[in-house]
Amino acid sequence: MDLDTITSISTPMGEGAIGIVRLSGPQAVEIADKLYKGKHLLNDVPSHTINYGHIIDPESKEVVEEVMVSVLRAPKTFTREDIIEINCHGGILTINRVLELTMTYGARMAEPGEFTKRAFLNGRIDLSQAEAVMDFIRSKTDRASKVAMNQIEGRLSDLIKKQRQSILEILAQVEVNIDYPEYDDVEDATTEFLLEQSKEIKQEINRLLDTGAQGKIMREGLSTVIVGKPNVGKSSMLNNLIQDNKAIVTEVAGTTRDVLEEYVNVRGVPLRLVDTAGIRETEDIVEKIGVERSRKALSQADLILFVLNNNEALTQEDYTLYEVVKNEDVIVIVNKMDLEQNIDINEVKDMIGDTPLIQTSMLKQEGIDELEIQIRDLFFGGEVQNQDMTYVSNSRHISLLKQARQTIQDAIDAAESGVPMDMVQIDLTRTWEILGEIIGETASDELIDQLFSQFCLGK
């Protein structure tokens, strides 16, 4: 593939120990040699070596930076192109100057995700693996990163390719029977054969979809909203779960005036914890904005932690709030058990019915383990599945698998109703195409461009 040479800073902007300028393309080594002065020309050193030297401004002859330069030659690189990585000191000024020099002498500034896009276009990875690279970068827990790494390694791709190959074998068998019915040595593509094979493919698609809910939680985190009247201990609960003091905790009702969000790993389940402003009528403009954001967070939540105050009797406000959330996945928490009990637990149980109930003291850190176990049990049946299994975690993949399941079902229905084989082929072919979109073999250029535009610069 005839592409130009791209360049970008591939480390986070800001001061640090090192900063890396990455080049990829046919002129990567040549451009670097125009700037680099060391013991040997980079063009003469072996691949996959690191070389000490300096970056020199060819025009002024000024020493710009002391560097270590990695030389990686095609095709055994991430992009399958020549790659140069210039390791600089981590100052913002010098690394930007090195970047500018690479562009002055022939490289083009890379677009977001363009290095990974080239890896895809050059056949190094498929589209699902490319998407997993971004998932890996954005992962908030060990489990999420492991799920992403499994996809980078191609586990999902292998399963998709296997099903596409099975469909091709069915189509080939049907095609031969239609075009060459006189051949005695060709196995008959009977309706029974087609149904058996198609149902096996559908079963495998269903198996992948069965991992979708948990996979999406692994990837995005379980959106968990902490809700309750003002000053029942919601922010203290957030702080105990994340072991941090991000939320403001005071004795004044209404001090959480916005939606605070944090990721935390709870017994293998990644939670995206959201502490909301108390939902109540208020004249305070700032607090009113927080209340509206809280309502929006509630509507998008996977799990709601509904907090009550052990020190106060149930009020109409508690009943009203519970009415808002009762049809969702809810765990009710009676907090502040270290204080005098003024709440009627039996009244609470009458209000919530079979909804799980946990009693806690955030001040004494009591009941937190029980709460964490209840969260795990509610979504993973008491056991978080093996992180080495193949999860489908990407919403795009889940949507396409659902479409593929429908089209393979259409093929099954058509075959069972006696529709001619050449008509059944249409649904089988469409299933093959949809599965191909997951790994990028039948994806449009527009989709590919859109997906890679979401990547960070330098990746």
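Glycine too: its Cβ is placed from the backbone N, Cα and C atoms.
According to Swiss-Prot, the protein carries these features:
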type    : residues                       : note
BINDING : ARG22, GLU85, ARG124, LYS459   : (6S)-5-formyl-5,6,7,8-tetrahydrofolate binding site
BINDING : 231-236, 250-256, 275-278      : GTP binding site
BINDING : ASN231, THR250, VAL252, THR255 : K(+) binding site
BINDING : SER235, THR256                 : Mg(2+) binding site
DOMAIN  : 221-380                        : domain 'TrmE-type G'
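Structure with Swiss-Prot features highlighted.
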residue	record	DSSP (3 states)
ARG22	(6S)-5-formyl-5,6,7,8-tetrahydrofolate binding site	strand
GLU85	(6S)-5-formyl-5,6,7,8-tetrahydrofolate binding site	strand
ARG124	(6S)-5-formyl-5,6,7,8-tetrahydrofolate binding site	coil
ASN231	GTP binding site	coil
Least Cβ-crowded entry, counting other Cβ within 10 Å, from the binding-site residues listed as ARG22, ARG124, LYS234, SER235: ARG124
All-chain count of other Cβ atoms within 10 Å of ASN231 (GTP binding site): 20
For GLU85 ((6S)-5-formyl-5,6,7,8-tetrahydrofolate binding site), the one of ASN231, LYS234, SER235 that lies nearest, given that the binding-site residues are compared by Cα: SER235
GLU85 ((6S)-5-formyl-5,6,7,8-tetrahydrofolate binding site): tally of other CB atoms within 10 A of its CB: 19
Across the domain 'TrmE-type G' (221-380), average pLDDT on the 0 to 100 scale: 75
Length of the line joining the Cα atoms of SER235 (Mg(2+) binding site) and ARG22 ((6S)-5-formyl-5,6,7,8-tetrahydrofolate binding site), in Å: 43
Alpha-carbon distance [LYS234 (GTP binding site); ARG22 ((6S)-5-formyl-5,6,7,8-tetrahydrofolate binding site)] in Å: 46
Separation of alpha carbons, ARG124 ((6S)-5-formyl-5,6,7,8-tetrahydrofolate binding site) and LYS234 (GTP binding site) (Å): 48
